[in-house]
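Here's the structure we're looking at; comments come further down.
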Amino acid sequence: MKLPATTALALILSAGLAQASDFPSGNVTIIVPYSPGGSTDLVSRQLAVDLQEIWGVSVIVENRPGAGSMVGTTALSQAAPDGHTLLVNTAAASTAPAIQSLPFDAETDVTPIKLIGQSAYVMVAGSGVESDTMSEFLEEAAASPKFFATAGVGSSSHFAAELFLQQAGVDGDIIHFSGGGDANTNLMGGHADIYVSNTASVIPYVRNEQVKALGVLGPDRDGLLPDLESSGELGIEGININAWLGMFGPGGMDPDLVARIDADVSTAMQSEGFQALLENNFIVGGESSPEEFAAQYIEEMQLWRDLAEQRGIEAD
Amino acid sequence: MDIFANLALGLGTALSPYNLLYCFLGVFLGTIIGVIPGIGVLAAISMLFPITFHLEPTAALIMLAGIWYGTTYGGSTASILLNIPGSPSSAVTCLDGYPMARQGRGGVALLMTTLASFGGASIGIVVLTSFSPMIAKYAIYISSAEYFALMLLGLVAAATITNGSAVKGLAMVVLGLLLATVGMDSQSGAQRFTFGNIELMDGLSIVALAMGLFGVAEIVTSVRRIHPGDVDPKSATWAAMKPTRDDIRRSWVPLFRGAGIGSFFGAMPGTGPSLSAFMAYAVEHRVSRTPERFGKGAIEGVVGPESANNAADQTAFIPTLSLGIPGSPTMALMLGALMIHGINPGPNLISEQPGLFWGLVMSFWIGNLLLLILNIPLIGLWVRLLMVPYRMMYPAILMFICIGAYSVRYSPFDVFTVLGFGMLGYAMRVFSLPPAPLLLGFVLGPLVETHFRRAMIMARGDAMYFLERPFTATVLALTVAVVVWSVWAGLRRRARDKSGLLDQ
């Protein structure tokens, strides 16, 4: 089929200038770059239900797992920036690019839209650790080096553990597992000692008393988990990060469209179901603007790139 | 632990209309596929695999499992009536089932097969119910070194025990392991053999690989080979199905013996239903006071193996569900189905997903009951299905394979992967290279590698770590023994063949 040049041009222009006013013009797909059933998947599915009501079109959750969330993110980067393809990811969005060579530019080929929620990074210990608090653990780890479990190479739990090892100046080995559930199970069996991750992936195991929470990473204690020691109060400096969950679109989205989606997601997040989900997982709903979220995303990506270089983490 | 509460939970899950529907669909499709010659259970599961992605994990697994034991039921129908095994595990059923059909006792053979299958499966389920939670309870203390050793043993055993040439089997396992390295390195994040292709970032699709190797290749090989011969529709009438008092007297002991043999071999890695059926037949032949009747329509030779292969179908789930170690390629596919649904099979499965686990177990019972109810009146239908010319059947099957492969990730790339593996699978058949070890190597490859590398990190680089752990050392020694034994057996066979030639 051969299109007249003018028609082709008109098509390109209309695609390039997807406006906030004609959104949504069809079904919206939310890519979840993880398998079904995980915490990101749960949050996205609740969000899809609420957004469907606001937009009046079908909002479909599509799981595209693989390569530490980067298979799904690659698919996102190739979609049209018309707001009909979105993605929800964790802080892995900023850690994975620090270590993987990707077929897209993580800074320009995705558009950060909305910070959905933030939580503390919680440090949990398995049956191989005697300490009950982070201060005791620092002494125990100094006497005998511990094994730090991660949810996979390049995951946020991997970089959080590396950052802790560097800033606390303790020795330890990293062991990668295939996801948060696997990491927790291996902690229970004593095959690894410590796992640092967001609240949603460790709290269920802490509640069941299968692993114990030692503390949180950050300068101060967490408002929702006030009983846990913070790394800052023990004199460990330079750890000022939070786990988060955010929504992204393909690169080069119209700022008006971004503002429109940001506003609608904020409305959707007020639903009862969504608030309950956040509360159960010790997540604080995100309130920053798309610009602030974009700045946070770029800044963290730089932090992880520097850390990867300093700690000699590279993919080969 | 309250076993009755668990069984009740499972029964509740399995009896929900949604799950019941998929259980029925699974066993029904399984039986059809089992009846059609040339499509084995692996081909069947890999073809119907994509359908299950759109279901809830419990329903998906119930349906896949239904297909799995349904094919074993259906397979015996083709064996008895046509002397063509519908599935490998019912090959033994040909030996005495077909002679029975020729004596006009095909109906009796079909009925007794159905009853024996049900009895064997029920006993298998009891074994599964009683052992899985126990194994799972201790399994979280099994570390990567032990998993590595167990999986290595499983791979070696599967490659060497069940088929003719140990060398060919091992070669295919290695090819499977190599194909599994495509994609992201689990420990460093490096891209391996992806050639910058996004589709390969997460590795080759297990569905496309299985469908190509088993589905496409099996159809291509069967096209000119299968001629639905003269099936006698009369053998499937109600009157022809009534067993004599003598038949029943002869059958019930072999049923229990078969179930015992099947339960044991089903749970072992590398063995499974086919070997169980052969073992049961050999045992019945050995203990019989009238061994000369075997091969001429002895009912014991039908009941024993059928009971064994169905019991093995059930107990094969023990290592798969409680340890996450599949004992056979089919179980590896089941494992794949779980993982695609984001469920980590392993010691935590029973405690974290009690609904799924007990629901699945109870669905086995319901499924087997459905098969019993379904099969007796429908035997006539299966007989008619056997009379459909194959040339009308295979284009439809191929089309479903392509749709299935595409619908997993909506990627045309996967359809080409099916094509590629279909050609490879056909070439492998021509050179009589077994495809099952390849699939097992492919599924276990990433696990074997990851566990080995994790164990090396825990050992802080000291390879002696494996030999210092008593359990790991024992399993590794056993693995070496299996290799040595199969090499020795191969050499002896060759020597015997040679001397045999000289004698002539």
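Cβ atoms are placed via backbone N, Cα and C, with glycine included.
TrEMBL annotations: computationally assigned, not manually curated.
The domain 'DUF112' annotation in TrEMBL covers B:20-440.
Residues annotated as transmembrane segment in TrEMBL: B:20-53 (among others).
The transmembrane segment feature in TrEMBL is assigned to B:59-82 (among others). Residues 14, 18-19, 22-37, 40-41, 44-45, 48-49, 51-53, 89-91, 93-94, 97-98, 100-101, 106, 109-110, 113-114, 117, 121, 228-229, 231-232, 235, 273, 302, 306, 309-310, 313-314, 317, 330, 333-334, 337-338, 341, 356, 359-360, 363-364, 367-368, 371, 375, 379, 382-383, 386 of the same chain lie 6+ residues outside the transmembrane segment (B:59-82) yet bring a C-beta within less than 8 angstroms of a C-beta in it.
Beyond the ends of the transmembrane segment (B:108-132), by six or more residues, the same chain brings 3, 7, 69, 72-73, 76-77, 80-81, 93, 96-97, 100-101, 235-236, 240-244, 247, 251, 254-256, 258-260, 262-263, 266-267, 299, 302-304, 306-315, 317-318, 321-322, 350, 357, 361, 364-365, 368-369, 371-372, 375-376, 379 to within a C-beta distance below 8 angstroms of the stretch. Annotation source TrEMBL lists transmembrane segment at B:108-132 (among others).
Annotated transmembrane segment per TrEMBL: B:138-159 (among others), in sequence order.
Per TrEMBL, the feature transmembrane segment maps to B:166-184 (among others).
For the transmembrane segment (B:204-223), same-chain residues at least 6 beyond its ends with a Cβ under 8 Å from one of its own Cβ atoms are 37-40, 42-43, 45-47, 49-50, 179-180, 182-183, 333, 336, 390-391, 394, 397-398, 401, 404-405, 408-409, 414-415, 417-426, 428-429, 435, 438-439, 442-443. Positions annotated as transmembrane segment by TrEMBL: B:204-223 (among others).
Annotated transmembrane segment per TrEMBL: B:323-343 (among others), in sequence order.
Here TrEMBL flags B:355-380 (among others) as transmembrane segment.
The transmembrane segment feature in TrEMBL is assigned to B:392-410 (among others).
Through the fold, the transmembrane segment (B:430-450) approaches residues 42, 144, 147-148, 151-152, 154-155, 158-159, 162-165, 168-181, 186-187, 203-204, 206, 209-210, 213-214, 217, 324, 326, 328-329, 332-333, 335-336 of its own chain, all at least 6 residues removed from its boundaries and within a Cβ separation under 8 Å. For B:430-450 (among others), the entry in TrEMBL reads transmembrane segment.
The transmembrane segment annotation in TrEMBL covers B:471-491 (among others).
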Annotated stretches the transmembrane segment (B:166-184) and the transmembrane segment (B:392-410) touching (3 or more Cβ pairs under 8 Å): no
For the domain 'DUF112' (B:20-440), mean pLDDT (0 to 100): 80
